[in-house]
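Novice: Here it is, the structure, as structure tokens.
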Amino acid sequence: MNPLPSTPPRAAGGAQAEAAAIGGAPARQAGAAQGIALLAVMSMPTLALAALVPGLPQLFQQFSSVPRFELLVPMIITVPSLCVALFSGAAGAIADRWGRRKLLLAALLAFSLLGLAPMMFDSLWLIVASRVVVGLAEAAILTVGNALMGDYFEGQQRQKWLGYQNMFAPLIGSAILLSGGFLAGLHWRYPFLLYLSGFAVFAFAFHACWEPRKPGPELRAEHRAEPQAASSPFPWRSTLLVCGVTVLFSLVFFVQAVQHGRIFGDMGVASPERISILATVASLGTVIGGYLFKRYANVPVNLWMSVILAFYGVCYIGVAWAPNLAIGLPLDALGQVGGGLLLPVLVTWALGHYGYEHRGRGMGLWGGAFFLGQFLSPPLVTLIGTAAGGFLASVAAIGAICLAVAAALGGAHLGRARR
């Protein structure tokens, strides 16, 4: 039995419309307002990273007299991601019990308030502590945002909004990065002012997002007949598969996401400013990936996975062997196309394994698995590099593995298609 679905999720309607139709109540269908609200919600966690990265030198300078500042200052950026990896599952369980909307609004408020807290704190320890709360809120925002995407939309509508999310994400990230750099040049505290945008998103979500209605008994009975819409008990077997595959793909994803500066540095680019510009140019590939996912909504998920690995394989082998930047930059952008496909494909696949009652917890565990790759990927690259003979050799080795797995997945799909 193939664990990866060979057909896309069923098109049409929306879970809320279906539940309402069965229950006899008027259907409340999500539309553009809800889709845009979720795009805004899912862009918030980008602040935790992109807004502060340009100001990292100023933070080191400001707190250079604090004992162990070399360890503590980077934690201002990394602690929120660690919290996402550790607590997304718990956030999802709370969302399933307490309610999606209430948790989302509380998390957005905490995210915005504690994100601004360093404007008032002089203690590095207090700033790091505030970032823990930001990370907990970020875990809830990402988990509930993904769950609501599954609650509000289905089929091609879901794929459309996930595609939009990945088309606009690099543009939003670049805007935050440039704004953070400008503000950091004025004062080390000023990048935290970008968290003010969280209050606007809170107000938008308050008016646009509603609490999804739990399916009635008839709908739950129908879902029990569908293996991808599990009812009680929680589908741990499917979750192990989803999280295991997600960790493997996230390991590949974060090779480029975390090591981008090092990749360009080994191509001969020494200036941090130039590396930032080149990374922004390459990130346009993410927009292309998001568009491809939205445009070709009927492509099976397992075929998309093969395509993603093929993009990364060509990218990683190419940048490792590229003789100059003129060849290396387009090859690097190919990996970004794979990244633009990876997130919506994995989210679509994961959502297909959970019915309403387990969607929050399931997507929370998925989010934790994805961000776990951010911490496992760098030591993996180092370990492979020790055996392969250096950093770029390890990148090329990972690329070769990607191509081999892509060929296996693609061959398996073609074999099933011929039967």
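Start at 1 and count along the chain as shown; that gives each residue its number.
Glycine too: its Cβ is placed from the backbone N, Cα and C atoms.
Taken from TrEMBL, the feature domain 'Major facilitator superfamily (MFS) profile' covers 32-411. What TrEMBL lists as transmembrane segment is 36-56, 71-91, 103-121, 127-148, 168-186, 192-210, 234-255, 275-294, 301-321, 333-352, 364-385, 391-414.
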Novice: So which of 168-186, 301-321, 391-414 is most in touch with the transmembrane segment (234-255), counting Cβ pairs under 8 Å?
Specialist: 301-321
Novice: With pairs fewer than 6 apart in sequence excluded, do the transmembrane segment (333-352) and the transmembrane segment (391-414) have three or more C-beta pairs that lie under 8 Å?
Specialist: no
Novice: Is the transmembrane segment (333-352) packed against any residues at least 6 beyond its ends, judged by a Cβ distance under 8 Å, and which are they?
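Specialist: Tertiary neighbours of the transmembrane segment (333-352) are 4-5, 8-9, 146, 149-150, 158-159, 162-163, 165-167, 170, 228-229, 242, 245-246, 249, 253, 256-257, 281-293, 301, 304-305, 307-312, 314-316, 318-319, 359, 362-363, 366, 370.
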Novice: Given the transmembrane segment (192-210), which of the listed stretches 103-121, 127-148, 168-186 has the most Cβ pairs that are under 8 Å apart from it?
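Specialist: The stretch with the most contacts is 103-121.
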Novice: Is it the case that the transmembrane segment (364-385) and the transmembrane segment (127-148) have 3 or more CB pairs under 8 Å, with pairs at least 6 apart in sequence?
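Specialist: As far as Cβ distances go (cut-off 8 Å, pairs 6 or more apart), the transmembrane segment (364-385) and the transmembrane segment (127-148) touch.
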Novice: Hey, which bits of the same chain come close to the transmembrane segment (127-148), Cβ under 8 Å, at least six residues off its ends?
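Specialist: Residues packing against the transmembrane segment (127-148) from afar: 34, 38, 41-42, 44-45, 48, 72, 75-76, 79-84, 86-88, 90-92, 94-95, 100, 103-104, 106-108, 110-111, 114-115, 117-118, 121, 209, 212, 347, 350-351, 359-360, 363-364, 366-368.
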Novice: So if I exclude everything within five residues of the ends of the transmembrane segment (71-91), which remaining residues of that chain have a CB under 8 angstroms from its CBs? That is, six or more out.
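Specialist: Distant contacts of the transmembrane segment (71-91): 45, 48-49, 52-53, 56, 59-60, 63, 103, 107, 124-125, 127-128, 131-132, 134-136, 138-140, 142-144, 360-361, 364-368, 371-372, 374-375.
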